[in-house]
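K.L.:
One structure is given below, represented as structure tokens, and several questions about it will come after.
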Amino acid sequence: MCTPSKTLQSCVPFPLDDAVLQEVVEKAKDWAIMHGAAMRSKQDFNPDVLLFAPFILTPSSFPRKEFQKAVELQPLLNELIHAVAHDSQFLLATLSSTEKVDEFTRALIAIYRTVLDEGIAQPLSLGLLRSDLMLETRCDNDCGERARAINAYCCWKQVEINTIASGFGHLGPSSKYLQRLDSNGTAGLRLTVTAKNTITLALLRSDYLPNFSDTIKQVEINTIASSFGGISTIMTPMHSYILSELGHREKLVNLPDNKALSGLCDAMVEAWKLQARPSAAILFVVENVTYNICDQRFHEFYIRETYPHVAVVRRTLTQIGEQGRLGPGKELLVGDVEASVVYFRAGYEPGHYFGAGEWDARLLIERSVAIKCPSIQYHLAGTKKVQQALAKPDVLRRFVGDDAPKIEAIRDIFTGLYSLDREEGGDEAVALALADPERYVLKPQREGGGNNVYGADIPAALQAMSSAERSAWILMERIFPPLSTGYMVRPNGPVPPPLVQLVSELGIFGAIIGSKDKVLYNKQIGHMLRTKLSSSNEGGVAAGSGALDSPYLID
């Protein structure tokens, strides 16, 4: 199995002196609380109490080239998901087997079929998306053949070329290493005729070391409740403060600007403007109990401060079910408020639907002329099953056309994704997972973290499923990222925190507005970085496994 062995260089020398560490951690905790990088406790919930959100003390290194690649790719991914969301035939066919065995997906599709049959009232959708990516490092010779088969994660870099006494040629065909070099044309014989017609025999050996370059690979793309755009915007100034306190102000130029909060909110207001209903509000659909309150409120407060003429209201699905109705023109009315834009921060998991009332509320919203973020079709386009289908050869052409550079740019970030449906080679995928479970992760059609099955737990999970039940899951090759080193600071954690090994996941935010036939608005709008212990599988901050971070760009 490939395991991460490369460690990215830290932005500051570690370890920090204990006294310096303790002092800067205390400052950082206070800075986080005072600037809203905070959450409510799940373990001891109190609406009047905030704890700072877990964070990494100093920004984690990320290759500049790969960061820029992710930023430039996001508008193309926005267009892809927009096209997928507006292809009902593809969505229904792709999710047909999942629909039979996954109750939650079946309920979402039932809403989709209803509005398709009735005629979709609002042709415009607002997509606030987040593409989650990790760096992939292939790290030893055992991975060489596989790496070449999937366009080579590692490349070879020349150390030197020998023109005299180029030894060890006698190992020749018996050496797997030299065979590999020779097959790449790196060892050879050359006869040269000089200007004086004398013959020179050159026996050369070019020496190489593997260059373990990192490249971004997509973990998933989120189409509903793509969170942490608010708090992540705070992390860059927070890390600027910490680096300054540590005496490294000259390094602030390597912290990329992050306008995720303004980008997300500006897109909501842009959708609101398209409705031309100045008395209508933007409706935030929220959980009955909200832990990630700061991240949500930052969006609300930004809109109210920047666009004071735009009203924002928060309601739960339960409240909408009790108070909601359609007006004579299918306007969405909740109590005495009309909502022309609906922003879902809840509704992405079964636990948000307590009964028929919440499902009725979701259907009511879809039947209205309000612009939804996401619409039901956008929600379905973000399922893992659709992500797996898009990785199939030639499927991208359905949505991107014959634009080879675009197809290659998107496929370059895909890792191996396999259907578990028997009719789609599911038995073969199961065999792969059972033969080497540490190389894979099982993913259900769920968002919010904490739902996946990893490594050694995969065989038992698969063996407990019927072939039909497997259709609710996909199999994904695990991404083996480089390590970084840093201090993870958590509420009630050790003081001072220990120096630990970490891995990071980059999220790139995008916004798109349009109908089936026309895109009106398409931007990359910001980023976030979540970092977890290298020994941890799950990395969600809200789920309690990861920590907030920001990228420090390196060349």
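Backbone N, Cα and C atoms are what each Cβ position is placed from, and that goes for glycine too.
Below are the features I grabbed from TrEMBL:
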- R205, E220, Q296, R530: substrate binding site (BINDING)
- E220, N222, E447: Mg(2+) binding site (BINDING)
- 281-381: domain 'Glutathione synthase substrate-binding' (DOMAIN)
- K384, 443-452, Y454, 476-479, E505, K532, E538: ATP binding site (BINDING)
K.L.:
Return the member of Q445, E447, M476, I479 nearest to Q296 (substrate binding site) in space, with distance defined Cα to Cα and candidates limited to these binding-site residues.
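P.N.:
Closest by Cα distance to Q296 (substrate binding site) among the binding-site residues Q445, E447, M476, I479: E447.
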K.L.:
Relative to the mean position of the Cβ atoms of E220, N222, E447, the recorded Mg(2+) site, which additional same-chain residues have Cβ within 8 Å?
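P.N.:
So the additional residues around the site are R130, D132, I221, T223, I224, S226, G382.
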K.L.:
In Å, rounded, how far does the Cα of N451 (ATP binding site) sit from the Cα of N222 (Mg(2+) binding site)?
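P.N.:
Roughly 15 Å, rounded to the nearest whole number.
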K.L.:
Let me know the model's mean pLDDT on the domain 'Glutathione synthase substrate-binding' (281-381).
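P.N.:
For the domain 'Glutathione synthase substrate-binding' (281-381), the model's average pLDDT rounds to 97.
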K.L.:
What count of other C-beta atoms do you get within 10 angstroms of the C-beta of N222 (Mg(2+) binding site), across all chains shown?
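P.N.:
By my count, 21.
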K.L.:
Would you list, in sequence order, the binding-site residues among M476, I479, R530 whose CA lies within 10 Å of the CA of N222 (Mg(2+) binding site)?
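P.N.:
For N222 (Mg(2+) binding site), the binding-site residues whose Cα atoms are within 10 Å come to none.
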K.L.:
Neighbour count, 10 Å Cβ-Cβ cut-off, for I479 (ATP binding site): what number do you get?
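P.N.:
The Cβ of I479 (ATP binding site) has 20 Cβ neighbours within 10 Å.
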K.L.:
Near I479 (ATP binding site), which of the binding-site residues E220, E447, R530 can be found within 10 Å, Cα to Cα?
P.N.:
none
K.L.:
Does Q445 (ATP binding site) have same-chain partners at least 6 apart in sequence with Cβ under 8 Å from its own Cβ, and which are they?
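P.N.:
Sequence-distant Cβ neighbours: T98, D102, F104, T105, T383, K384, K385, A472, W473.
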K.L.:
From the Cα of E447 (Mg(2+) binding site) across to the Cα of E220 (substrate binding site), what is the distance in angstrom?
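P.N.:
Distance (Cα to Cα, whole Å): 10 Å.
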K.L.:
For the binding-site residues E220, E447, which Cβ has the most other Cβ atoms within 10 Å, all shown protein chains included?
P.N.:
E447
